[in-house]
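Annotation source TrEMBL lists domain 'Glycosyltransferase RgtA/B/C/D-like' at 86-246. According to TrEMBL, the feature transmembrane segment maps to 29-48, 113-133, 139-157, 162-179, 191-217, 229-249, 284-308, 320-338, 344-361, 373-393, 413-432.
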Amino acid sequence: MRVVDRCRHHFRVFFSSIIRRGQALLDRAYGVPALAGLAALVLLPGLARHGILDGNESLYVESAREMLVSGTLVIPTLDDLPYLEKPPLFVWLLALSASLFGTGEMPMRAVSALVALLFILASCRWAVLLGTGRERCSVPGYLLVTSVGFIIMARVAMPDMLFTVLFSGAALNLLAAIVHDRRDLSRGAAALLGLATLTKGFLAPVLLGAIVTGYALWQPDQRRRIVRLLADPVAVSMCLSPIILWLLAAEWQLPGTVRRFVVDEHVLRFLGTREPRDYYSGPLYYYIPRLFLFFFPWSAFLPLGWLAARHRPQPNRIAIRRYLWLCVGVPFAFFSLSRAKANYYIVICLPAMAFLAADYLPSLLRDHSRGRLILSILLPALTLVSLVIVWWWLLTTGQTPHLFEREDGNRLLTILLPITVLVILAVAIAHAGRGRSAVVLLGGLTILVLVQADQFWTRAEAVVSSRSLAEFVRRNYPDASVLLYQDYEACGALPIYLGRSVPIVDSQSMDLWYGHKLFPHHPNFIATDKVAQAGADTLLVVARNREESFSRSGLAAISEAVATIGKVTLYRLRTAPLADPAH
């Protein structure tokens with residue numbers, strides 16, 4: 001027994017020594033320079049690895065390309081038609097990047113990535129202003145830059161990351177202004193909010209107005225200070241003048257813009273009655289699992305940290321935490337009540353969640369909360385492992401279709417081993433009393449998940465992006481005219497890679513609905529019976545779900561399939577006249 005006890009003692013000494021050295025290393029790694037390096041390493045490499053996504057990502061990139069070609073800065077266009085779903089700030093930034101570096105994947109996605117990187121660095125300053133302390137000021141940024149949803153949205157050319165950064169920056173700056181009673185900070189918040197309105201319209205002031213109203217009701221002692229800061233005419237002007245000036249310019253160029261943008265894109269979209277209905281719907285709990293997945297692997301740190309903090313209340317943190325909870329709850333409630341839903345809308349909640357989790361983290365790291373810390377590590381990981389196992393079982397039993405040909409589902413299990421090892425190691429370190437080291441180590445779980453996501457994206461490239469289709473056309477038919485059949489969104493990235501607008505035959509496109517309504521005879525809208533006049537050197541791109549309609553139209557009779565790439569088939573017109581579809 002003495003030998004066993006001696007071995008056990010030596011093992012504990014050795015293990016504790018390793019942990020102490022690792023802790024010293026990780027303590028230094030919490031610094032701002034290390035956070036900047038980590039953020040750059042996570043957000044910037046490999047942005048050009050995958051093609052521009054058809055659908056949402058391609059819409060904004062193509063709008064930027066057309067803006068450069070036409071020189072029209074006020075009203076964004078899509079397929080050379082007005083596209084008024086959102087204000088133009090994000091498209092302006094894409095166009096600026098494209099004018100310097102081209103419309104490749106890297107310069108387009110770098111806009112979102114660099115904006116996210118700047119926010120991560122700025123979060124350290126906000127943490128200091130909000131009393132987190134200089135020694136822990138990088139913790140919110142670390143939690144954020146290792147969150148799955150934040151990384152994903154920072155690596156795609158969509159306006160949601162820009163909006164999240166501007167809105168969250170405005171909210172945090174306003175909170176700092178209230179805490180320190182500083183008008184310069186409130187004006188900074190107004191400037192950021194004004195830019196946020198140029199990204200997604202009046203959504204930003206509506207959400208922040210609800211947050212501030214709730215905070216004033218929850219913290220009556222702060223009401224006078226809030227009213228004094230918000231009554232500043234300079235701040236009000238900085239907030240509202242950008243969107244008002246843009247709307248006036250757009251209305252002057254295209255009458256009806258104000259009604260389309262304010263009524264259709266705000267009120268009717270929220271009610272779910274806007275035409276066209278190119279958005280998802282869902283139940284009230286739609287965003288609960290998405291919020292869990294987007295904040296992975298820190299999802300359990302927020303509720304369990306809140307429970308741990310209740311045992312040792314900190315009166316000086318109560319007001320700040322209430323404001324941050326409103327920054328999570330108000331957008332969550334708004335989007336849950338809205339009839340128009342999208343998976344990524346909820347990314348706006350992540351910065352406030354990161355600041356809250358960082359504020360609760362010291363309570364979780366205390367010895368009496370060690371069990372809660374271990375549970376915070378285990379719950380998200382076990383949930384992910386369970387989902388992977390269930391998915392694997394559904395694939396192997398044939399209860400769900402395979403996403404790719406010749407896929408047996410075993411690939412899903414390959415990620416389980418490193419995840420399990422990492423989680424066990426993090427739990428062991430937390431159990432040994434080195435909770436901070438365990439937290440830093442847990443951030444690596446995101447990297448494993450994203451590596452698997454990258455492999456999935458690589459295999460799905462031909463299905464989710466038209467890059468390979470455009471390469472085929474340029475290589476084999478460099479001088480051919482290209483037409484899309486009915487669906488623009490199915491191959492939204494095709495015009496980007498071809499470098500020109502692509503007309504659409506018998507348009508059923510949701511994104512071109514408004515432009516079609518305004519200009520039904522635009523040259524980019526081609527009737528079915530006019531296609532035969534295009535000549536033999538013409539290619540038709542037909543999505544898989546439009547094949548039946550394509551056959552009924554009679555176009556299949558005068559064309560021949562030349563290739564199937566991903567989700568579309570490429571047809572080449574023959575010289576024979578168009579047959580009557582009725583015969």
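The backbone N, Cα and C atoms fix where each Cβ goes, glycine too.
With a cut-off of 8 Å on Cβ pairs spaced 6 or more residues apart, the transmembrane segment (191-217) and the transmembrane segment (139-157) reach fewer than 3 such pairs and are scored as not touching.
Simply put, out of 29-48, 113-133, 229-249, 113-133 has the most Cβ pairs sitting under 8 Å from the transmembrane segment (344-361).
For the transmembrane segment (229-249), the residues of the chain that approach it from at least six positions outside its boundaries are 74, 87-88, 174, 177-178, 181, 183, 186-187, 189-191, 193-195, 197-198, 201-202, 205, 212, 257-258, 261-262, judged by C-beta separation under 8 angstroms. Model confidence over the domain 'Glycosyltransferase RgtA/B/C/D-like' (86-246) is summarised by a mean pLDDT of 95.
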